[in-house]
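Just lifted these from TrEMBL, have a look:
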type     : residues : note
TRANSMEM : 12-31    : transmembrane segment
TRANSMEM : 43-62    : transmembrane segment
TRANSMEM : 83-101   : transmembrane segment
TRANSMEM : 163-183  : transmembrane segment
TRANSMEM : 195-215  : transmembrane segment
TRANSMEM : 235-256  : transmembrane segment
TRANSMEM : 331-353  : transmembrane segment
TRANSMEM : 359-383  : transmembrane segment
TRANSMEM : 395-418  : transmembrane segment
TRANSMEM : 424-442  : transmembrane segment
TRANSMEM : 454-470  : transmembrane segment
TRANSMEM : 476-501  : transmembrane segment
Amino acid sequence: MQAPELKRELSLVDLTFASVGGIIGSGWILASQTATSIAGPAAIISWIIGGVAILLLGLVYTELGAMMPEAGAAIRYPQYSHGTFVSFIMAWAGWLTWVTVAPAEAEAVTQLANAYIPGLYNTQTSLLTPVGLLISAALILIFFLINYYGVKYFARANTALTWFKFLVPLGTALIFLFGAHHYSNFTSQGFASNGFSKVFLAIGTSGIVFSFLGFRQAIELAGEAKNPTRDVPRAVVLSILIGIVVYAALQAAFVAGVPTADVAKGWGNVSFDNPWVRLSVTLSLGWLALLLKIDGWLSPSGTGLVYTASTGRGLYAMAKNRYMHSWLGKINAQGVPANAMILNMIVGIITLFPSQGWAHIIGFISVTGVFSYLIGPVSAASFRKTAPDLHRPVFLKSLPVVAPIAFIMSGLIVYWSGWNIDQAALYAILAGLVIYAVAFFVNGFSASDISRGIWLVVYIAALLIISYLGDKNFGGIGVIAFPMDIIVIAIVSLICYYWAVASGFETNDLKELKKNASKNSTVA
């Protein structure tokens, strides 16, 4: 009897909406207010910088995604380019990110609902009540069940949901931009009211990067696409561009929509439990407030649904790499990695209990997420050296320029997230080395793989040291002040990037991939 395999049923629309569904979640409801409280009206620039940084990464991943379309592909790239050690660290960082998104979105749904269903969230302690915990856990279970019964049902549910998620925020932005008329808000407290360094701080800590991280969903689902080489790259670029337009418009709309009396107290004091609903009421738009209450459930739920799908594929890929037990790599009759999804669901529910609210978890997710993405530019450049003849349906001519810039931007985003978040996230990534040590001895991984990953350990240590010594606005002790800190991060990142590319080699997995590609080419 043939073992069940992942089914290829996703179209360009499905893939694009998977990424858009990951990008437009609770971020659009909560991040505009959070970003403005940090950077003032200049938060618009934060969204553009953050979006462009992720777009650079996305461009690199279009070449990788078309060249190697398989489930959990982003975890497999470093396995092909650098071996088990680098691959595991990136896989672990990615899993730390993905497994906490669904509970974060479930918590966002519950927190927003507390405005009209009291008793779900305690505003004094910033904790969910027992009832709120149960509702959030139930949401995580629902995300699991929809995905468990097959990729086709996931695609149908997500595509329909994302149309709503896309149109509502875009419509809301237009209504406030042309209906609020509080345009003096852009300058009354100063455009960059808290200093320009806060424009960068907002990128990592207000939900901006957290929002854009969803672009990789199309890559994670590449193994289930009808035409992955054509559709995955298009889906990645389209989803990021859509995200930049929608979020920049929303940020401008939020600034224009806040009553001038509230702005007079300072942007840091502007605080609404459900921002867009409250602002709709000030414009006497009761119908919009009702629609936004509904979207307060649907947008975060849609993102939770998407991440439940891709997180399962991530663990599936880790099992294929022998980092986790083979049990997690089993595919059920519906063609989905059910065991991996069950484990993620359990971990997600457990994650709810120590959580301190949406705003406290997104910084951690942003750092671990961006860190897991920075291997893309390294792997893509390495493959140009170790697999030059491998078929590339998408060939990024500007890769020699785009890849190092994307790597530098990733390092900067980690730094901009601040010392308090960086130490928690980067130490959590390093803690995964205990699991790697077990896998190393059980599976007999090559010791040479570790030598190929020394650059990564050095880079993590460098980020920690610079973050600690960095500008006080980013939580450091002020030894390296702004903007010199940005220059230092850029130089260190560039050195580590070229070291990383030089460390790439023709791994056994890459040899096997090239061999299979050659066979398929001969048959064709």
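Backbone N, Cα and C atoms are what each Cβ position is placed from, and that goes for glycine too.
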Considering only the recorded stretches 43-62, 83-101, 163-183, 331-353, 424-442, state which has the highest number of Cβ pairs under 8 Å to the transmembrane segment (359-383).
83-101
For the transmembrane segment (476-501), which recorded stretch in the set 12-31, 83-101, 195-215, 235-256, 331-353 gives the largest number of Cβ pairs separated by under 8 Å?
195-215
Residue list, the transmembrane segment (195-215) vs rest of chain: Cβ under 8 Å, 6 or more residues beyond ends.
19-28, 30-31, 34-35, 37-40, 42-43, 45-47, 49-51, 53-54, 58, 61, 97, 236, 239-240, 243, 247, 303, 306-307, 359, 362-363, 365-367, 369-370, 373, 412-414, 416-418, 421, 471, 473-474, 482-483, 486
Could you give the residue numbers and ranges of same-chain residues that sit at least 6 residues beyond the transmembrane segment (83-101) on either side and whose C-beta is under 8 angstroms from one of its C-beta atoms?
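Distant contacts of the transmembrane segment (83-101): 74-76, 213, 303-304, 307, 310-311, 314-315, 317-318, 321-323, 344, 347-348, 351, 361, 364-365, 368-369, 371-372, 375, 425, 428-429, 432-433, 435-436, 439-440, 445-446, 448-450, 452-453, 456, 505, 507.
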Apart from its near flanks, which chain residues at least 6 from the ends of the transmembrane segment (424-442) lie with a Cβ under 8 angstroms of it?
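Residues packing against the transmembrane segment (424-442) from afar: 84-85, 88-89, 92-93, 96, 322-324, 363-364, 367-368, 371, 414, 417, 460, 463-464.
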Is the transmembrane segment (395-418) packed against any residues at least 6 beyond its ends, judged by a Cβ distance under 8 Å, and which are they?
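Same-chain residues near the transmembrane segment (395-418) but 6 or more away: 50, 53, 56-57, 59-60, 62-63, 200-201, 203-205, 209, 363, 366-367, 370-371, 373-374, 376-378, 380-381, 384, 425-426, 459, 463, 466-467, 470, 474-475, 485-486, 489-490, 492-494, 496-498.
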